[in-house]
Amino acid sequence: MSSQLISSSPTITEIPTPKLHSRSHTLSQRTQIPLHVYKHPAAILLELSTSIKEVYQILPHIIKSNLYTEHLFQTKLLSLFCNHGCIAEAARVFEPIQDKPEVLYYTLLKGYAKYSSLHEALLFFVRMKVDNVKPVVYNFTYLLKVCGDKGELRRGKEIHGQLIKNGFSSNVFAMTGVVNLYAKCRQIEEAYKMFDRMPERDLVSWNTIISGFAQNGLAKLALGLVVKMQEEGQRPDSVTLVSILPSVADMGLVKIGRSIHGCVLRAGFEGLVNVNTALVDMYSKCRYIGIGRLIFDGMKQRTMVSWNSMIDGYVRSGYAEEAMAIFEKMLDEGVEPTDVTIMGAARACADLGDLDRGMFVHKLSDKLKLATNVSVMNSLISMYSKCKRVDLAVDIFKKLPGKTLVSWNAMILGFAQNGCVNDALNYFYEMHSRNMRPDTFTMVSVIPALAELSVTRQAKWIHGFCIRSCLDDDIFVMTALVDMYAKCGAIHTARKLFDRMNERHVTTWNAMIDGYGTHGLGKAGLELFNEMQKGVVKPNDVTFLSVLSACSHAGMVEEGLSYFTSMKRDYGIEPGMDHYGAMVDLLGRAGRLNEAWNFIRKMPIEPGINVYGAMLGACKIHKNVELGEKAANKLFALNPDEGGYHVLLANIYATASMWGEVAKVRTTMKKKGLQKTPGCSVVELRNEVHSFYSGTTNHPQSKKIYAYLEELGNKIKATGYVPDTSSIHDVEDDIKEQLNSTHSERLAIAFGLLNTSQGTPIHIRKNLRVCGDCHTATKYISLVTGREIIVRDMQRFHHFKNGTCSCGDYW
């Protein structure tokens, strides 16, 4: 910019008002601009200016040269101000001009439509009518576009009416704008009516209606219009293909997507960035991420959308590490990420459980000043929750302005995923108190949290809430309720809900089959699975895991072996580590330990912790020292910091009276600082949760509880109970018996019996497997008290009634 022209930069209000032209000064006279005006340096600089700052630098010279009255400068200044979004300044140039040419009205209306409010644009449109300025077709297209973008259907209809009144109802440009208006306002049927009535249609018209159907979720109809378009002799262009590819992606129609890819190559569009980006997105969403990556790598130019599509594609396909590699490559190439990039990277870190890189993404979002971007913060809340740092998620949530329902859902789910059940429920109650209406996602987050509490009363309350919220017909909410009732011990209620459902997802079947398994009702679970096989819903890997677990809990070994074979042979489902673990558990529980060990040795994949854990547990049940030692040594190598495996091995040694080996294990634990997880049992009474640990006396009713336990002990002994103290040594026999009788579940049972009326079932939750002696004792307690006692341990439910247990002593 010339230094001669850079003096003090006045605002537009400092420009002198030009002298008024007489009415006889016609437009033709005004357009006869002297040659010296065209060639003036200021005119040339205005023409070359690229920013509003440069325009302000030229203004002083225009004023000093007395050129502000010239039509050329007035028109150019008005246009420049409008193009740069400075509508107030443009209006100040416009207003003083006498005998304004119509083109200035059109320019300023375009500026209002593009950069000001819809209200201001419509006011100026009315002003044009008052000033007897006849509108042209593109005046209407500007206004229709802004109405469509803002979803202003009522105003858009008024513009449509004016368009017809002014004789443009057959104009292809005007009617394309009308089609776009109705499509963006989700009135797609009306949009198609307008399109169908058009006497002629150009390529833009076709692209507009196709895009409208695609954006309104009508992908199949959009594809049909592409076919119809070609039948009517209109060849699709790159815009058509970019419009239709997202629909193809959403429907997972990769064959059609490949056909469109072929059209791209034949038409020579493969060099267009937007087309390649749409192809990357399509292949990624259709789980053909490898092809998407090939297209991405072959792109000579990439937009931010290209990078984001690739990152999102990898995350969707389960390749979080590759998503982070693309993210890091993007940063290395100096490309600045957007909010969409940050959300994709946060999801990848969440899937990986990578806290360090997740914190880096968070810092980057702060650097990009995205702390008030609700969508980004919601992604970070989810990321921290999945990385087991729910405390950091809470910090973000508390500082977040304008929390949305998604924010609350992310926080509730985060608490539930991290075992913070009470926090999840408290946030749900607080959200409800703020008159924020929960949706399906809210309920399927909070219902599993209630399931973990295993309290029937609260289960009934949340069920009623779902009914009052009109969510009881939602398949996912109903599936969560089925699962919740099963986990609360109400397996028959779960089945009633299951039977009432008009539609069932595979997860619904899985929840019910798994519920039967954990309640020891393996036969009922298998009958349900056989019913599922006759229907349209196909079992998946989780279904077979539930079936194998049900077989294991019920001792149905041959059936389990048959289903394991069928899984791959009949359904093409490759067994995973959990399936192998279930098979070892199935064989081990049945006492077929050598067969279980040989099964492990022949596994096509390296056995994991759950496989050897199942083996060790079976060796504990069946007192097999040799195989128990082998399984334990494998577990010590895989997870040396877990004290529970050492305790199991010590118990195996104790039952074999190998006290020297027991001492060695305990010494090893002491040296490594490993501790046994203390047994904890929980019982809820009158909205209050009571927790008990083995041998503790800190409960207000401890004296009554211990006295009652002694009384119960005498009663059940008289009925035939014989204490099993084989795993305890170094103490007198009476002390051994006392240690067993004060296990956490017995304290909880005694408390429940003391504080409830006759006939009321007692519901207990325990964090560990019920020991054999407590299992036997509880059977006798149910007999002498006439009470039903339901115990949910870490593996299954035990329904004790009249001296028997639902597990049939097989757990």
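Every residue gets a Cβ built from N, Cα and C, even glycine.
From the options 1-24, 145-168, the stretch TrEMBL describes as region 'Disordered' is 1-24.
Here the repeat 'PPR' (171-201) has Cβ contacts under 8 Å with residues 137-138, 140-141, 144-145, 147-149, 151-153, 156, 159-160, 163, 208-209, 211-213, 215-216, 218, 232, 234 of the same chain, all six or more residues outside its ends.
For the repeat 'PPR' (474-504), DSSP puts the residue distribution at 23 helix, 0 strand, 8 coil. Secondary structure of the repeat 'PPR' (505-539), assigned with DSSP and counted as helix (H, G, I), strand (E, B) and coil, comes to 26 helix, 0 strand, 9 coil.
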